[in-house]
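Undergrad: For B:Asp139, the entry in TrEMBL reads active site, proton acceptor. Feature annotation from TrEMBL assigns ATP binding site to B:Val23, B:Gly24, B:Glu25, B:Gly26, B:Thr27, B:Tyr28, B:Ala29, B:Asn30, B:Val31, B:Lys46. According to TrEMBL, the compositional bias 'Basic and acidic residues' annotation covers B:321-333. Per TrEMBL, domain 'Protein kinase' is recorded for B:17-297. The region 'Disordered' annotation in TrEMBL covers B:302-333.
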Amino acid sequence: MAPRLSLANPLVTADQLETTPSGRDGVDPALEQQLRCTGCDLIQAAGILLGLPQVAMATAQVLVQRFYYVSSFTKFALRDTIMGALFLACKIEESPRKVKDIINVFDYVIKKKQDLPIIPLESFSPLFYDMKNGLTVAELQILKRLAFNVQVQLPYALLVNYLQCLGLTQHPRIPQMSWNYLNDGLRTNIYVSYQPPIIACAALFLAARQCQVKLPDQPPWWTVFDSDLRDLVNIAGHILSLYHTQPPPDIPLTLPELEEYQSEILKAHPPGAI
Amino acid sequence: MRVEIGEDMNARTSAKYRKEKKVGEGTYANVYQGVEVATGRLVALKKIKVGDFKSGLDMSAIREVKALRELHHPNVIQLIDVFSHKTNLNLVLEFLDTDLEMVIKDTDLIFKPDDIKSWMLMTLRGLYHCHRSWVLHRDLKPNNLLIASDGQLKLADFGLARDYGDATANMTSQVVTRWYRAPELLFGAKKYGYAVDMWAVGCIFAELMLRTPYLPGDSDMDQLNTMFRALGTPTDEDWPNHTQLPDYVQFKQYPRTPLTTLFTATTPDSIDLMEKMLVYNPIKRITALEALNHPYFQNLPRPTAPKKLPKPALNINEGQVAEKRRLDPGKSI
């Protein structure tokens, strides 16, 4: 049954959150978190260099999050998935970019993240072909494995609306800060566990707290926007947790790298040993 | 809604349909006639070619899925399912026997004014639904207005459709088959809206009356020339600032001839509606909703019931022709 025009996103169930395909394939939950976070971070960086609108980057990141709730990191390389997701998202958001440009930019941001020397990628090198192949296959896999549910509703416009309702558009810090929280939140699972209005409220809630601005509480302002406090606090917690830990720069991006990475972890911490 | 595991769904969906025979070929897809196994209902299976590794999945395919997933209306083709099989993507669409171009070209058929009113009404209803959902079709022509066996007309081929309404977004002016392309597009406008679809509807309206394309230009330049010869060259008063458009070229100043000289046998209300659709200034052009509320649709004769509309003698091989005609030279962009 094709969904009707809807402002709702498909969300993952509690079961899906609890047991991910990667978890079943022996990927440590902490590592999975770092993989997701790193992937989204790279998409954001690449999108900025490609001059894409934020909605395209956001769509790509949500697609990656959704994708890894139906697929395992051990079978679909993160590097290819993020390239494929951004390539697809560009087209969905009517800002297409060339495959070549996407590959070059990802190669650059990956080298930069891994602190490797920045040598421009040769267009006919094996690595280029490998990346190109990975990208096209990943695009198709995303469409296929998400059953074409690739439309992503985003909270940015809602946030602007809420800021206007609360008379905060002229505040020196809140608008930008809450916008940034929406961007950073893409690295967490909030976009696959909550609908856009609640996410927009949570970003605003958090920014207002940080700036110590009191908002109407008789009744609490978020009830007007169909949110409840428990969800806001939960989302805020997820966003804030991003700032406590940074994934290490050497997060494995391809399948062989992931295998090696995991076997090294296993060597360093053999099961049973504490 | 939950995040579905597409793989399982694909297998289930794919088993629901049986592909029968190829009925058409287009730029990015092959079209097959198929059957929904459980019900015996005819469907069209649009198999999207993904062999092209240069640019990945065709933008048209993405646009079509995106638009049709949102649009549900009796006068818009229904996307029944989407599934992938091996490396192919398949869209399952309603199967429709014929299209308005075939109807217009069939010289055995005689159109009454009531018939034309009925087709216009269905076209505008479908289009109003698209515009209300912020989707521009951008490729309206008789060939993309498919007709079901019960006579219902349905907008099809959303390969160029996109959302609109973002005043800052630039859009390409290389859309709409030339004969139906609005003047602002021919002058290279990068920002436009519902009006481009309404111009095309105006051309289709005229074509229904004339039984031949109204403005058949041989090239983009000739298109403008043909248009101005028919409708007069716009002045700055008709269309303020059009000389500032990116591809503006000055044309000979043709006088405006009243539409009644060409459309002699028709009623004043239909001429009035057509004139409002073929207004040069896109801002002044009639909207789909205004058109639906135009006296033309309230005045007699009443539109023919879809079931009673003239239809070509059914030749099943000609079904779902939308795709294959796109390859005709000089007709598609």
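Just so you know, glycine gets a Cβ as well, placed from its N, Cα and C.
What TrEMBL says about a protein is an automatic prediction, not a curated fact.
Remember, predicted model here, so these are calculated numbers, not experimental data.
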Undergrad: Write down the Cα-Cα distance for B:Asp139 (active site, proton acceptor) and B:Glu25 (ATP binding site), rounded and given in Å.
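TA: Cα-Cα distance, B:Glu25 (ATP binding site) to B:Asp139 (active site, proton acceptor): 17 Å.
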Undergrad: Determine the most Cβ-crowded residue among the recorded positions B:Glu25, B:Asp139, using a 10 Å radius around each Cβ and all protein chains in the structure.
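TA: Of B:Glu25, B:Asp139, the one with the most crowded Cβ is B:Asp139.
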Undergrad: Do you know offhand how many angstrom separate B:Asp139 (active site, proton acceptor) and B:Val31 (ATP binding site) by C-alpha?
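TA: B:Val31 (ATP binding site) has its Cα 18 Å from the Cα of B:Asp139 (active site, proton acceptor).
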Undergrad: What does DSSP call the residue listed as 'active site, proton acceptor' in the simple three-state scheme?
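TA: The residue listed as 'active site, proton acceptor' sits in coil per DSSP, no helix or strand.
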Undergrad: How does the model score the domain 'Protein kinase' (B:17-297) in terms of mean pLDDT?
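TA: Average per-residue pLDDT within the domain 'Protein kinase' (B:17-297): 89.
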Undergrad: Taking 10 A as the limit, how many CB atoms besides its own sit near the CB of B:Ala29 (ATP binding site)?
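TA: If we count other Cβ atoms within 10 Å of B:Ala29 (ATP binding site), we arrive at 24.
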